[in-house]
Amino acid sequence: MTAVRREAFGRMAAEEGGGEVEKFVLQSDSVRVEILSFGCIITTLETKDRDGQFSDVVLGFDTLEGYTRKHPFFGAVVGRVANRIANGRFSLDGKEYQLFLNNGPNSLHGGAKGFDKVLWSAQVLPNGVRFFRLSPDGEEGYPGDLKVWVTYTLSGRELAINYQAQSSKTTPISLTNHAYFNLAGQGSLDVYDHEISIEADSYLPVDDTQIPTGEVAAVQGTGFDLRQPVELGKHLQKFHLDGFDHNFCLHQGQDRRLVARVFHPPSGRTMEVHTTQPGIQFYTGNNLDGSLKGKGAATYSRHSAFCLETQNWPDAVNKPHFPNVLLHPGEEYNHTTWLVFSTA
């Protein structure tokens, strides 16, 4: 059984539009997760180690102010389009669209005020919570009135995140959750002792602004071959990598499939990622620099967390040979990602 309760978390400042922010607590025997109506943010995710001890394994803040200030999308749902769009530009039906540039020369995670920075309306479900918002035509430069539903449900050891959307005009859309994980517990120094595997035969090389070059490269014989588990710290050293911030190309299909697994030997915690999405962005917190004070006054330094963001491929709207990222009127966008926690 999953217990669900809602409580007040804070109030938005008047200049941010005001409004009450609620927190929703989902709890099973083995997982406890807290989610805000602001940005659909996962603020806490507690799971057991092999001795049955709970620890919070996601980075974040103790107060609403932490989330309303600038931060690297901790725990949030990002959109309309997750990841980067080159030069913030794309063309649809002969019309050019210009987005806000918030990542060097590119647009990242929906722009200046993406889905992570707005209040959503919430509906409590027997085993979770469903959030809804209408993203109006022209918001952040994107076409069409977009209705979006994000549903979190907890069943035992499994947290499911379902994304649905409908648009009045053709629009690109790619939604993901941007939780930062450390299976040793948030605030731990790094994730070098984590063992990771990703079920991908290819990945997307990027230019110096992190935009895919267009090549779909085989992982075989490279540092991007994570098909067998690798210990992250040793692997980065072996291949002289500064970290990962790359899309791994998953086997195509609408069915649920296991795409990544992370194991933390000291605690025994294991996290599996299952999804219907065509890609997964593996990011090792390369831009964390110790300047952010997180929960319990924790300092979040470089490589102190990892993200596994299930999504469409970056800049797909400008690369016709990438998986289709366009949602047309009368169609439904519908993807689900499952996070499964266990111990070994």
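Including glycine, each Cβ sits where the backbone N, Cα and C put it.
Unlike curated records, TrEMBL annotations are generated automatically.
For D245 (beta-D-galactose binding site), other Cβ atoms within 10 Å of its Cβ number 17. TrEMBL lists N83, R84, H178, A179, Y180, D245 with the feature beta-D-galactose binding site.
Here TrEMBL flags H178 as active site, proton donor. Within the same chain, residues at least 6 positions away in sequence whose Cβ sits under 8 Å from that of H178 (beta-D-galactose binding site) are P72, F73, F74, G75, A76, V77, V78, A82, H109, D116, C307, E309.
E309 (active site, proton acceptor) counts 24 other C-beta atoms within 10 Å of its own C-beta, drawing on all protein chains shown. Per TrEMBL, the feature active site, proton acceptor maps to E309.
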Restricting to the same chain and to sequence separations of six or more, state which residues have a Cβ under 8 Å from that of Y180 (beta-D-galactose binding site).
V58, L59, G60, P72, F74, G75, G285, Y300, A305, F306, C307
